[in-house]
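What TrEMBL lists as active site, proton acceptor is A:Asp89. Marked as active site, nucleophile by TrEMBL: A:Asp271. The annotation substrate binding site is assigned in TrEMBL to A:Asp89, A:Ser90, A:Gly91, A:Gly92, A:Phe93, A:Asp143, A:Gln194, A:Gly221. Positions annotated as Zn(2+) binding site by TrEMBL: A:Cys309, A:Cys311, A:Cys314, A:His340. According to TrEMBL, the domain 'tRNA-guanine(15) transglycosylase-like' annotation covers A:11-372. For A:252-258, the entry in TrEMBL reads region 'RNA binding'.
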There are 2 protein chains.
Amino acid sequence: MYEIIRRDGLAKRGRLHTVHGVVETPVFMNVGTAAAIKGAVATTDLQEIKTQVQLSNTYHLHVRPGDEVVNKLGGLHKFMVWDKPILTDSGGFQVFSLAGLRKIKEEGVYFNSHIDGRKIFMGPEESMRIQSNLASTIAMAFDECPSSVASREYIEASVERTTRWLVRCQEEMKRLNSLPETINRQQMLFGINQGGILEDIRVDHAKEISKLDLDGYAVGGLAVGESHEDMYRILDAVVPHLPVNKPTYLMGVGTPINILEAVDRGVDFFDCVYPSRNGRHGHVYTNHGKLNLFNAKFELDTRPIEEGCQCPACRTYSRAYIRHLLKAKEMLGMRLAVLHNLYFYNNMMEEIREAIENGNYAEYKAKKIADMTEKTC
Amino acid sequence: MYEIIRRDGLAKRGRLHTVHGVVETPVFMNVGTAAAIKGAVATTDLQEIKTQVQLSNTYHLHVRPGDEVVNKLGGLHKFMVWDKPILTDSGGFQVFSLAGLRKIKEEGVYFNSHIDGRKIFMGPEESMRIQSNLASTIAMAFDECPSSVASREYIEASVERTTRWLVRCQEEMKRLNSLPETINRQQMLFGINQGGILEDIRVDHAKEISKLDLDGYAVGGLAVGESHEDMYRILDAVVPHLPVNKPTYLMGVGTPINILEAVDRGVDFFDCVYPSRNGRHGHVYTNHGKLNLFNAKFELDTRPIEEGCQCPACRTYSRAYIRHLLKAKEMLGMRLAVLHNLYFYNNMMEEIREAIENGNYAEYKAKKIADMTEKTC
């Protein structure tokens, strides 16, 4: 199901075969939290911006419109009209970051909906059932993402519970995939490594979950406030203990430089809200650094966001026009900036894949980072 | 510049030749207040939804980004990247509806910006200069739109001043169009008939302004709170006194039925915020009436907004999905609903043109209204 086409140092140029088509890796998955990418981006726009995988959030879809509703409508692919791969997260991260009062027990988590306050219970089985209802291509295991300031004792106990939950997820998915009424009976399961920034706990956990024959392995609980150095240190320690012949997914990461560094450490799946969130706030990526389009110096700037860029915004519109739209709070300004940013990320992943194939990833990475940080624009 | 291809009763099937191409009438102009149609609709979307003319608001563009800025960027066409006709209003309506404290004098109007409160003066010459800076295809004369509850005395005096202002507009545009630095030296001017719902004042004013050889004539000051019957009565009285061999524009109108009725009375230019505003609120037009997509009955409705509709929303997405997006406050829901509504209006205008050409406008209109009001959906 997953094959490595080429390695360059630790960097992996892979290919994941799924029931919804092939994913060329390294890949940046585009976040569509509530079954839509924020910024008025439709699935019909995604081909133009080189999107391979769309990522939706289990927790959000469970509370609205409800996974049962999506299931009755034929699953997320039919609902959004997208026939390529979709990854759903487990809901765990949102339970811990968004939900109100919550209580963690061995069976799962009791919490209140952030929308209407109603009581919800979610454990490994519930998360798997919801994701099976959504019929995503790849489901994520239900885990706890402990606070970055939690004690060693808390993290140890939490990680052990996450392992027990993972076993339950695997069993429940096996059962769900065997049911005739299941929409996607070939749903894949990725497990999640946790352990905060404590290398020994991370490594022990990685070894433990590697014993289970999962479809992929994620590193979770990073990019939650720790330094970039801590993130890279944990990747240096953990990735070698995850199965190299499986996809390696760094959750919620990150800046273009974070991605370039993580690829160099063997990671090949990414997702992050940065490009869409930054776009909505007028911050756009270029190969010469990030621009704040609200800056007055762009008022009369007839150039596209980036010269030569083939995204739907740059092919037609000027910085001056997009700046005006953003200042006038016209949604179109957000849409154009988001389309550009997602294209920038997706296009960078294409460059990364090419560099690994050509065996010159180190040079590519060094030049890309130097250009992006030279601050000439 | 304007030719009548065919008449069917009072209905006109016309063609306006402009420096930015031909406008086939009757036409519905799509409102892009601040140089963008609200709902994240770009000029690159407009061909797909059959837009012929884009309408922008002089007052809004004067305060942001500033008409001088748009002028330095080459005018509205270059700014928005749209090479077909653009009509700009005079700013008068916004001065009277949006601005804070204002004082009307013979020379023009003193008022405060609704954005930052700064004092602005706008008179006929200023409005023409701003519109010349914007370089629209068609400029509207600066007029006063008196309150619908104003006294006969007030309306009489106001209409007389509007006539004097119109003469000044015509002189100033002539001067501006003769300047070498003017971007669009073939800018057209439409005059505006006023007079509230007082037929005699309206008719006298129509006769008066018809003496000036303008490029088109608008009926303003309707659809501001009066009944539909009053609107139709005024059109019945006034349109016969406007030059038939010039475009006839009913400003700010209206519902599909208003348009069908006004076409039957000789009107062939329209504009209205309804399709975009209603779309943003989840109200969508169909040939069987308007739907409120927030209604629970659409939760599992896999049909497009309208079966057979060729708009970008209906070609791909279901009512259930768009309803979910609107409920989740995803901008994409608004974009899809707005695209559908504008397509509905623009497509209806195409049907209207065809019906007039075929000489069966009365039957077409009767059937269209019957279908739209049968309330079966």
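Every residue gets a Cβ built from N, Cα and C, even glycine.
A map of TrEMBL features onto the structure.
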residue  : record                       : CB count, 10 Å
A:Asp89  : active site, proton acceptor : 31
A:Ser90  : substrate binding site       : 30
A:Gly91  : substrate binding site       : 27
A:Phe93  : substrate binding site       : 22
A:Asp143 : substrate binding site       : 29
A:Gln194 : substrate binding site       : 26
A:Gly221 : substrate binding site       : 29
A:Asp271 : active site, nucleophile     : 22
A:Cys309 : Zn(2+) binding site          : 19
A:Cys311 : Zn(2+) binding site          : 22
Cα separation, A:His340 (Zn(2+) binding site) to A:Asp143 (substrate binding site) (Å, whole number): 33
Same-chain residue ranges lying at least 6 outside the region 'RNA binding' (A:252-258) that approach it to Cβ under 8 Å: 93, 220, 222-224, 228, 231, 270-274, 285, 344-345, 348, 368-369, 372-373
Where A:Cys311 (Zn(2+) binding site) sits in the secondary structure, as DSSP reduces it to three classes: coil
Cβ within 8 Å of the mean position of the Cβ atoms of A:Asp89, A:Ser90, A:Gly91, A:Gly92, A:Phe93, A:Asp143, A:Gln194, A:Gly221: remaining residues of the chain near substrate: A:Val95, A:Phe96, A:Met140, A:Ala141, A:Phe142, A:Glu144, A:Cys145, A:Ile192, A:Gly220, A:Met251
Protein Cβ atoms within 10 Å of A:Gly92 (substrate binding site), excluding its own: 26
From recorded positions A:Asp271, A:Cys314, A:His340, the one whose Cα lies nearest A:Phe93 (substrate binding site): A:Asp271
Check: same-chain CB within 8 A of Zn(2+) site center, minus A:Cys309, A:Cys311, A:Cys314, A:His340: A:Pro304, A:Ile305, A:Glu306, A:Gln310, A:Pro312, A:Ala313, A:Arg315, A:Leu339, A:Tyr343, A:Phe344
Where A:Gln194 (substrate binding site) sits in the secondary structure, as DSSP reduces it to three classes: coil
Using Cα positions only, nearest of the recorded positions to A:Gly92 (substrate binding site) (A:Asp271, A:Cys311, A:Cys314): A:Asp271
DSSP-assigned states of the region 'RNA binding' (A:252-258) in counts, ordered helix, strand, coil: 3 helix, 0 strand, 4 coil
